[in-house]
Amino acid sequence: MSPMITSILILSLATGTIITMASFHWLLAWMGLELNTLAILPIISESHHPRATEASTKYFLTQAAASSLILFSSVMNAQATGQWSILQLEDPLAQTLLTVALAMKLGLAPAHFWLPEVLQGSSFKTGLIIITWQKLAPMTLLLLTWNQASMLTLMMMGSLSVAVGGLGGLNQTQLRKVIAFSSIAHLGWMATIVTKSNKLALLNLTMYILISTPMMLSLIFSSTKTTQDLTTTWTTSPMLAPLTMMTLLSLGGLPPLSGFMPKWLTLEELLTQNMAPLATVLAVSTLLSLFFYLRLSYSLSVTLSPSPTKISSKWRLKPNTSTLPLSIALPPSILALPLTPLMKP
């Protein structure tokens, strides 16, 4: 793909998200989501591989269906109340439809099946856009309508997503699928807490993006695609192996790393609001996710792949990719826990 076309697509992607985030009219929000979807389709199918074409088709069908539901719910609300404002969603059926549509856009269970498949058919760079930037527009709509969305539906989908994300990632060896199930689990945490505290949901999203970005960048840097490939990371960069391990454990929410902060504050908020059973379900389900993060960390740091040569000097060579974004993104993904008192809502 030529640099000019890539620039236009990235600009369209950013414009679509910004239109949705800045709009207060349902038609503008819908238009931003559509622009966003149409801009990323050529990026997903760039390699012209059958898997990439299949991934872009699945992404298009799912996102188009979710956008149609959003438009349908806004038309129903306008018919019932005469209002097109995002902040005045009063029709109960429209509220439920919107919640389901946003869950489908985000990849919450039980509408999560597209995310692992799409991520597996995409490159790591495209996957990074899908699991970070593409979540901003639907999450903004969810944060704008948090007091009007169907609370029971969101909490059920959220807790189910955390469990499905943990169980789905247990049997995977492809890292892109592991990352997809990890994304589903983290989005479950956001959906569960958004009805109780939208500031905590925003904190969850911010920390998730801050931790996922360096993890994906480190996998791109070391050209790692499967669990078996992780064992050779030390040959690419001996320093990157322990840092990637800590990023994985941070994503799992292990203290004293950054990923523990949003989980700690979320559980504390649920317990304050007398929702101990839900907090217990979330905490236990997260142990499943933590298990496969530990398994990946074990492959990365403890095991060594069989090497026919006595000395592996691959790490001495100049890397093909820039290390500056990775160097900037790694510290906050590991060391942000001391900032917890500043983050309390």
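Any Cβ shown, glycine's included, is placed from N, Cα and C.
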> According to TrEMBL, which of these ranges is transmembrane segment: 92-111, 132-151, 152-171?
Replying inline: 152-171
>> Of the residue ranges 233-255, 302-324, which one carries the transmembrane segment annotation in TrEMBL?
In response: 233-255
> Quick one: which of 70-87, 178-195 does TrEMBL have down as transmembrane segment?
Replying inline: 178-195
>> Would you say the transmembrane segment (201-221) and the transmembrane segment (275-294) are touching, if the rule is that at least three C-beta pairs must lie under 8 angstroms and be 6 or more residues apart?
In response: no
>> For the transmembrane segment (178-195), give me same-chain residues lying six or more residues beyond its boundaries with a C-beta closer than 8 angstroms to one of its C-beta atoms, as numbers and ranges.
In response: 103, 106-109, 112, 115-116, 118-120, 127, 131, 135, 139, 142-143, 146-147, 149, 151, 154-155, 157-166, 168-169, 172, 201, 204-205, 208, 212, 215-216, 251, 262-263, 266, 269-270, 278, 282, 285-286, 289, 292-293, 296
>> Should anything in the same chain at least six residues away from the transmembrane segment (152-171) have a Cβ under 8 Å from its Cβ atoms, list it; otherwise answer none.
In response: 96, 99-100, 103, 108-110, 112, 116, 177-178, 181-195, 278, 281-282, 285-289, 291-292
